[in-house]
Every structure is written in C-alpha cells, then in structure tokens.
Amino acid sequence: MSTLAPLRLLREPWNASEGNQSNATVGASGGWCQGLDIPNELFLALGLVSLVENLLVVAAILKNRNLHSPTYYFICCLAVSDMLVSISNLAEMLFVLLLEHGVLVMRPSIVRHMDSVIDTLICSSVVSSLSFLGVIAVDRYITIFYALRYHSIMTLQRAVVTMASIWLASTVSSTVLITYYRSNTILLCLIGFFLFMLVLMLVLYIHMFALARHHLHSISSQQKPPTAHRGGSLKGAVTLTILLGVFFICWGPFFFHLILIVTCPTNPFCTCFFSYFNLFLILIICNSVIDPLIYAFRSQELRRTLREVVTCSW
C-alpha cells in the first residue's frame, strides 16, 4: 500500500480493458519504463519536515500583529493546506504500519472508511492550495494596481468570507472527487480548474512585471532612486512567481498524469509515464516543503518572527 491514498487511486487507468492494459504494460516495459522504487521512509521524512516548517509559518503569522493582514492570512491558509498534505501522509503511513505489523486490527469496512477520510483530506488540500495561490496572486495584483483603494477592496470581512468559501468548496469538491474518482468528467473538471488557475496567475504576473518594468525604465530615464513601495511590489511579484513556478514543477507531472489517464490509458508511452507515479508523489510533498522556505527568505518581517518563534522569544 503506497502513501497518499487518493493519488494511489489514480495510479492506474481504469478506462482501459485489463487485457489491453496488460499488453500496453508489456510493450512499454523496457529500460526506463520500470519506474522508481521510493522507500516509505522518504515519504515519512519529507512529511515531518513539511509539517514542522508550515507549523512555524502559521505560528509566526499568529504571533506577529504586523502580519495580521489579508495577505498573510491567505499565506497562513496556504501553509495550513500544505500541513494537511503532511498530516495525511503521516497518518496514512502510521495507519499502514500498524495494520501491517498486526498492532491494529480493524474490520475491512472501517479500514475503507478511514482510507476515504484520508483521501478527502488530501484532495481538499490539493484544491485549497491551488485556490489560495490564486487568491494571493489577486491580492498582490490589487495591492499594486489599486494601492490607494486596497483597504476598501480587500477588507478583513471579505478576506474571511473568501477563506471560508475556499475551505468549504475544497471539502465539497474533494468529497465528490473521491466518490466519483473513476469518472473522466470529474478528472476533466479537476484538470480544467488547475489550468484555469495557472492561466489566471500567469496573466496577473505578466501584467505586474510589465508595470514593474515600466516603472524601472521611467526611474532609470529620470535618474531617480526607486521608492520603497515599488521595490516592495516588485519583490512581492517575484515571490509569487517563484511560488507559482514551484507549484507548477511539483504538481505539473501529476496533472499531466491525469491528462494521460483520460486521453491515452493504453498507449505504451502513457503506460511508461504511469510507472513514475511515486516520483510525482515525492514532488507533491516537496512543494509543501519548499513553500515555507520561500516565505522565510523572501519576507524580512516573517523571517524575523520565525527566528523569534524558533528561539521561543514570545
């Protein structure tokens, strides 16, 4: 039993006959199509690192009143989403080990119920992570292009409603996904959501960088030093672009895996790609490990607070 239960459900294509799938596997079983055997200990270690890192990010935001703003609340929610991936991974790992060693004896129906709960938790973190990345990008866009009206546009009440709506939608959609995971329509909706958010963030970042480049060109031609606001806006755009790039690299192979399941489940190349499923899982967990490092090194205020949290300077 592998880690990350809901992703395990999507390991093999179900929309192909057993004979065709077997023939495709045989046809693609040469050389690099053998896949990777990744030990469970690596999943466990990455899950622990991610859990600790994201806990520190959440604690830092809660501790520092200067970070009590919609932007950092969204970042906090993103860290919680990453924590859900780690907690679910660790919970399933412990659950599997206890069952395998006979320490925990449960009826098959209860085991299936526990598996569904873990499935829903991880799928919810997938949807919420992508959603909060999009919300953070929109928030930064408003900060740059509507700076004078930001506090009237992004009020605390609207931020709370946005966060609550995302968590509710993530829970409902993940429940539907786990229930109907064999449906191509459900997978296409998930893929479409990923592509929509990716395009949305790309458009926003391109517009932000175009403005930043225009400002820098104007400053250079007038030989004026850059203002702190423009420098901070550019730094924020760079941070979010890094987050987007990391998310795309870490999640892209998995969503490409879903696309292949829908489009070519019996093709030899696709079957060969499926054999690297464990690598895609490692990349997903790496995303939740890398995100906190980006927050710590890109935000001076958060970096300082993290240092206080680590040294217990409350």
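For all residues, glycine too, the Cβ spot is worked out from N, Cα and C.
According to TrEMBL, the protein has these features:
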| type | residues | note |
| --- | --- | --- |
| DOMAIN | 53-295 | domain 'G-protein coupled receptors family 1 profile' |
| TRANSMEM | 42-62 | transmembrane segment |
| TRANSMEM | 74-97 | transmembrane segment |
| TRANSMEM | 117-138 | transmembrane segment |
| TRANSMEM | 159-179 | transmembrane segment |
| TRANSMEM | 185-212 | transmembrane segment |
| TRANSMEM | 233-261 | transmembrane segment |
| TRANSMEM | 273-297 | transmembrane segment |
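Sequence-distant residue pairs (6 or more apart) of the transmembrane segment (159-179) and the transmembrane segment (74-97) include at least 3 whose Cβ atoms are under 8 Å, placing the two stretches in contact. Most Cβ pairs under 8 A with the transmembrane segment (117-138) among the ranges 42-62, 74-97, 273-297 are made by 74-97.
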